[in-house]
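Asker: Here's the feature list from TrEMBL:
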type     : residues : note
DOMAIN   : 25-145   : domain 'Amidase'
ACT_SITE : 76       : active site, charge relay system
DOMAIN   : 167-487  : domain 'Amidase'
ACT_SITE : 171      : active site, charge relay system
ACT_SITE : 195      : active site, acyl-ester intermediate
């Protein structure tokens, strides 16, 4: 049951094949079994069981709230949750309990979703590996999969080779691991420069970033206000569309949300792709791209072409400037947002009382890790009066050029862009930490950052396993607010590629029940 899709388990609940309490208990049991993954910072067991009981009462009365009623979900620990600790994986907010729910959390709860807990991340979502949080790194469930161990001839979990576990990607690595390991059916992440799509690719699941303004940011502790978007992590594209339908819509508490998005997020089955035009950005063929990802990217393009779609090479000429531009804008907004953590109103406060300035400095030194402090310093440098015009103002102009590149491509007739999500499959933790956080983030988010600067929707879909037995994801990018079209194309592609289900028999008792993607006329992209 735990391996089914959200839609399938929702049908099982409605048909009485399982009760919300039974489903909740199964997930809680698996969370305990997979505690070593460190996917959760807080497990809200009592809250979840109470919500499951309320859901069960509704089902018995025949008053189900919809597809999410009784469905276990998880939420990244940078979304405010009323009565549940929200830490951003930082000592600065350790022990902080918000008095309200983020809008997206409240909308899920209003639909009867069952909150299993708050998931791990890089501190304040600053990173691309989920390795830099105050509560330790997240381990990729694929590290313990049968597929990977057979390729590596690894020993079972618990022996010495466990030190070579794989990173999840980040910063929403906890949410990705939670979904990948079957401890919930959907999870919220945040996406500022790829933080939902990156871990989704590494963990073999779907990671969707909606158009900026389609989903409310209220209650998402801000990193970069002009780029942050709540993201959705699920096991299939259709499930992502279901969750999006519950979240999308105007929020009076967030002035950036659009007034009337509509909710046409029940995806139809696309059977004919011959009218589609798929763009392949030539600038994304970078030297650092692994040969395997390049091969899968090429095969995916050939798949569309063989089915009658028009596949053309396109140019996004300002792509090469996106990393520097993103760094300047990101750190500048970070410096501004992090100023609120001063030890006065909430969060950590040091014991020094020599002066207000000394208290500020010591509080921030103790509360933030090196990564966060480094970004604050960089941002403040870019925002200095003598530097503002040469850095921040120029970066804003380049951002506009990057956004215009996408507009020009889509205005030329392209419907969807097809790109890699990451440079390679997930790497072992010892290899990942050889580079500093800034270098890692720049490398790992090279294909995803520009989408956030342009405010476009994008989704990462798992396509195949590498020679190491690890997931590889490809990214689809759509026009602004054409999220439904984007997900419809992604759903068609997902059905063709038959991505294999992770095999975690040692961790699950009911692995035989994991879902199988519909076997329509499908083509495996496996090498």
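Cβ coordinates come from backbone N, Cα and C, glycine included.
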Asker: Do me a favour and check the Cα-Cα span between residue 171 (active site, charge relay system) and residue 195 (active site, acyl-ester intermediate); whole Å is fine.
Answerer: 5
Asker: Taking only same-chain residues 6+ apart in sequence, whose CB is under 8 Å from that of the residue listed as 'active site, acyl-ester intermediate', what do you get?
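Answerer: Spatial neighbours, sequence-distant, of the residue listed as 'active site, acyl-ester intermediate': 125, 128, 170, 171, 172, 189, 231.
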Asker: Per DSSP, how many helix, strand and coil residues does the domain 'Amidase' (25-145) have?
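Answerer: Helix, strand, coil within the domain 'Amidase' (25-145): 44 helix, 19 strand, 58 coil.
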Asker: Could you list the residues of the same chain, at least six apart in sequence, whose Cβ is under 8 A from the Cβ of residue 76 (active site, charge relay system)?
Answerer: 118, 119, 121, 125, 172, 174, 175, 187, 188, 189, 190
Asker: For residue 171 (active site, charge relay system), what is the tally of other C-beta atoms lying within 10 angstroms of its C-beta?
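Answerer: For residue 171 (active site, charge relay system), the 10 Å Cβ neighbour count is 38.
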